[in-house]
Amino acid sequence: MSGGGRGGFGGKGKIAFGKINLVSTVAGVGEEDERKDDDGGSGGFGVFGSGTAFKPPPRPEEKSEEELQMERTMGFSGFGTVRNLPQKVAKTFDVKEMVEAIKKANKGKAPSTTTDNVIKPLEIEEEVVKPKKKQEVVAEPKNTDENSDSGDEIVGPMPVAATSTSKVKSRDSSDDDSSDDDDDDKAKGESEREDELDEDVDSDTEAEKNFPLEHQYNIEHGLRPVMGLAVDSSATRFASGSLDYEVKLWDFTGLRNRHALRTIKPCENHPIKHVSFSANGESLLVISGSAQAKVLNRDGSELLECIKGDQYIVDMARTQGHTAMLSGGMFNPKNKSEFMTCSDDSTVRLWEIENSRAHKTLVKLKNAGGLKNRVTACTYSRDGVCFLGGGSDGTICMWDTRRALVLPTATIKAAHQKNSDIFHLTYSNSALEVASRGEDGVVNIFDTRNWRKPLFKSSPGEFPAKYFTTDLCFSPDDRHLCIPSLPHGTTGRTKDEAISHSSLKFFSTKSLRVVKEHPFPNQIVIRSVWHHRLNQILLSFASGTIGILYDTTKSQRGALLAHGKGPKKQKAMGVVEDMHGKVVITPNSLPLYKTERSKNPKREEAKLRADPVKSHRPDLPITAGSGGRVAASGSTLSSYVIRNLGLSKSFKDDMDPREAILRFAKDAEENPIWVTPAYKKTQPKAIFERPPEEEPPDAKKQRLL
């Protein structure tokens, strides 16, 4: 701080903070206010107080000892210096004068036929700005000092940047050219669409190269149409269900023999409609024509059977099971213990394997009039959070399990024609698209982010189907949709139509057209599964056959394990030379030269076991009248003793043993052998025990009184 005002504002002087100058004033009676700085102009921010501004005294040439001491201590002498700064004046612009000057300048010029010289409000602003750029402000001399301001600095609002008139067009000309621009935009849009279409066609042709259509491997399930087909997640086993009430489990490693691993009848005499594997492949859901679904384990044994509801209850929420025929079902893709079933009782029920006595939750499907609506198809999303249900009136409803399942989260009305069943619903692998097909022969593709309008809707009857379980499936990359279809122009719903062939159509989800069609001359395709791990397409036919489409270079495992390994062929017989009339000497056929053929070890062992001598068979148990040690001499022990002792030359087994012994009673008495000689000396006369004499009974003792 410099000047004589160190004692505060009571003194007179000037306070300088860098480029900011503050004039200290003292109020004086009868004195005039002065607002001039050192140069005599207005500077700084004004004057503090209402008194007259006094000029600071000149700085002394010699400094005091205190100032010198402060300079040595602090390293500087003051907080700033006072310099002569140039006067800053705000620049003003008079628009009216500039407009008049422009009008005067254009008076002498000849009028032009173009619209560029027409003065309009939009151009006035632009023309007004032009002189500002041309009029250069004369720069004041700059100070060489670093802390000084530049003299050419403009104070006030900055002028608008001028634009060249060549780039600005009048409104009239823009209106005239608007139609041309629209035509150009349309042409550009059409060209861009054509380019996108060409790109889609190129991508489709590249994707066609990955279709596994080189070979087909067929196996026989039965004689009735195969309505259900499913492959487990590990791609090691698949299951099939047919109208012949049978469910068969197949193993890819045993396809060479073309025999099923297991064949079971889980639902008695109910036709099989759907089969579905759990997320880990350990359980199999079987949907039949009854009201009770069954879950089997991996080997075909029954794990549980869902309970059947009470048919006399009107409110389906009050009963714990379905009351009408099942129409579909599926395991949760993420939860191995949860599955879903739908029925003609207008409900979709969620179940858990741990509890088969009651459903976990249920939703009801109603038509536009609020009445019951048969549920003909259902499916889970890929994350298992949402599920769909399709009704018999062509309506599709979506529920989100993260919300209350009171009303559908989204409803697509009139997705198919009225009173036409929805055959199948499926999510894409990315869960961004949903495809549906119905009895009306229509295939729809919806975007899960916007259910209001379908991405694609085919014309009625474009993809007809004969069976109500005919489905469709997405390719592993979601670029194509496999659609089993009957010939175009047929319906498949009447008995008069003699349909003997069908095809598998590959529909592109990018270009929205059929890019390839694989025919099946003598078959009608019902089910199709394109597995992402195998890159193989499994198909079921109405003739009871299961076909597997695969490619030796693009597919993996699966049918490749049985490729080129069919049943063993019989060896072809060689050409035999006619030896009629010639003598053929074959010494090896003589017994002397004949060698023993190698025998089957099992058969040889069975033969040895049948020989009692070689096998050292023990004696058989005693049976009356035949065989055994004792039976050879008689059927009883007495006959055996008699014959061995030679006491009887002839003995019949049917004779009473007591009679046979008494026949020799006289001989035994005259010539005793066993007992009598032993007592001949000691007891020559036999003493037999005499019966005790009868003694009179004891008199009854009289009772003493």
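Placed from the backbone N, Cα and C atoms, the Cβ positions cover glycine too.
As recorded in TrEMBL:
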type	residues	note
COMPBIAS	127-145	compositional bias 'Basic and acidic residues'
COMPBIAS	174-184	compositional bias 'Acidic residues'
COMPBIAS	192-205	compositional bias 'Acidic residues'
COMPBIAS	595-619	compositional bias 'Basic and acidic residues'
COMPBIAS	687-705	compositional bias 'Basic and acidic residues'
REGION	29-69	region 'Disordered'
REGION	104-214	region 'Disordered'
REGION	595-628	region 'Disordered'
REGION	682-705	region 'Disordered'
REPEAT	226-251	repeat 'WD'
REPEAT	319-361	repeat 'WD'
REPEAT	368-409	repeat 'WD'
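As a summary of secondary structure, the repeat 'WD' (226-251) carries 0 helix, 17 strand, 9 coil according to DSSP. Confidence over the repeat 'WD' (368-409), given as mean pLDDT on the 0 to 100 scale, stands at 92. With DSSP states grouped into helix (H, G, I), strand (E, B) and coil, the compositional bias 'Basic and acidic residues' (595-619) comes out at 10 helix, 0 strand, 15 coil.
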